[in-house]
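Engineer: Got these off TrEMBL a minute ago, pasting:
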DOMAIN    226-392  domain 'Helicase ATP-binding'
BINDING   451, 454, 491, 494  Zn(2+) 1 binding site
BINDING   460, 463, 478, 481  Zn(2+) 2 binding site
DOMAIN    486-643  domain 'Helicase C-terminal'
């Protein structure tokens, strides 16, 4: 770390001007003089610097070096400190970050900030944490004469002898040892203190802790394609639920590790981390680290450094892990590649799946995208020849596909969202000693509170949305802005007292299941019940311990979990996706039903799926239950092509929100006029501007929202417009009065 020192004015003039990317939404670099005493050759692109910014200090990254600046020399501030002696990121990752900033039309400083662990953003050194260990010196043994009359020291030697690679200083108390005792051994030359990297491996171990499973013919064919390819390639591994995609991942990773390479595995949810980590650590002896938002800052930095330095062989993480540096990149895997959680919805709105493919191109490594329900974008890339399709059509082992049945619930009474035929079917499966999964994608007790006398409905005062009723503790909660209030005792409209929760959420369904099956454990899995750090891991252990139980939850249950004892999956309300205003609604509904249905019958017990619906004759449900997800995907791709919708066109969404609807609308109208003029002036063909229109939920958190859709037949033409349009928007007089953002390749139209 280089800091200020005295130096001559002539020396300052020879040092280049630093163009620094700072963590701010501004899409520009900031010029600074080099810190006092720092030589020109010490400054390089990719190194962090601490700089003055207004009345505070910030940590930025050098993004360029120049001999001149637009600022007068007298106004050019000096950086305070050069933090890194070497670039923080490898060249390929620097290129990924600069490309990401350019493609998603975002500031480079903010992009780099998103790519770095919190402690590095704050200026902490990018050094591995050192563990302090106690170990015996060479030649020390329990019967050593120097400790013959010291029983506690003799016991300490016996314990240290069982830890030939050292016992962590943090664990000595758990073994009944004291620091005084160990220091006495140190003075006698019998023990020593050493420091080593947090993820240090003392000696090479056999790569595999357990033998891989025998691959079936389809798995073997897929693996043969993967291991035969050298350099960059993208494969779409399309396998029905329970077909053994994870085993293909593991054996592909084994191949990379045998070549002394590293593997990066992206998963969509933190909730999948415990079971994924356990399975990978059971298979491999190399360090396997995790990266996700549930870690504390130090844990995240340790894992990041272990990956960068090559100490970790396998890195597992959620969306942001795509920016993790690898010393020896060998393979990138994106599990459940269709999942919406790979798209960041705030700030830098990147898609980690798409960045994985571009990173594979930069690092010349293979990229394996896996899903039972591939996104239409990925299927389209297969059609265009950009991805190679690998198929697993059979479930692994003795498992058979689940049997689907749609239950028409029109005119049927529902208790907690459960029809009587479904309750009876649940009882049958429980009596057979099996587990049942009940899926309802609404958390809380009930979707809203209604007055039975006048029809009043509890609405959020800050959003165009209804308040959800929660039971424990009892309150009304807006799931859009987070506001809460007590449950009304009297109707604000008619002063009536007959207020009733309307509909069912996970809490109400859980309550009904407990009443119907009092002797069976009912486990609720949703965002509310899983808020504690280890809650998901604890719940999964209970489920995998065996025995009959009922799982009730939201989409957290639908993502990649392996529940071998679940024989019945019940989907309580499948109709929401049939009437979505979003053109992706049918695709998402089909993916969700297929994924949650795939939790049934994954072992040697046959599985059954019951779908409650008011629309049993709907063509989408009939196609899905009779012909499966591929039929829906084929139909939807044809519909998208005829309507010229993505993936057959390219879109960006300009959003604006303000305290007054007119202000947001005015900003977008003027932005639209500018875009039309730019298209004319620059002869940009094939661009459509749709809107501005109010957002589907116009008012949220007290602010009014509107949006403008930009659509083009060619990606390059769309980005030509965005590149020249955004600088104008940034200096628009209303830009400081409204919150606005640009979403390239949006997945959420709300």
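A Cβ is built for glycine as well, from the same backbone N, Cα and C atoms used for every other residue.
I'd like these features described in context: how deep, what's nearby, how far apart.
Structural biologist: Following the DSSP three-state reduction, the secondary structure of residue 491 (Zn(2+) 1 binding site) is coil.
Long-range neighbours of residue 463 (Zn(2+) 2 binding site) (same chain, six or more residues apart, CB within less than 8 Å of its CB): 478, 480, 481, 483, 697, 699, 700, 701.
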Engineer: Starting from the Cβ centroid of 460, 463, 478, 481, which together make up the recorded Zn(2+) 2 site, report each further residue of the same chain whose Cβ lies within 8 Å of that point, ordered by sequence.
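Structural biologist: Neighbours found: 461, 462, 465, 467, 479, 480, 482, 483, 700, 701.
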Engineer: Reduced to three states, what secondary structure does DSSP give residue 463 (Zn(2+) 2 binding site)?
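Structural biologist: Reduced to three states, the DSSP call for residue 463 (Zn(2+) 2 binding site) is coil.
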Engineer: Out of 478, 481, which of these binding-site residues shows the lowest number of other CB atoms within 10 Å of its CB?
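Structural biologist: Looking at the binding-site residues 478, 481, the Cβ with the fewest others within 10 Å is that of 481.
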Engineer: Looking at the binding-site residues 451, 460, 491, 494, which sits with the largest number of other Cβ atoms within 10 Å of its Cβ?
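Structural biologist: Per the Cβ count, the most surrounded site is 460.
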Engineer: Report, as a single number, how many Cβ atoms besides its own are within 10 Å of the Cβ of residue 454 (Zn(2+) 1 binding site).
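Structural biologist: Excluding its own Cβ, residue 454 (Zn(2+) 1 binding site) sees 12 Cβ atoms within 10 Å.
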Engineer: Using Cα coordinates, what distance in whole Å links residue 460 (Zn(2+) 2 binding site) and residue 451 (Zn(2+) 1 binding site)?
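Structural biologist: That comes out at 15 Å between the alpha carbons.
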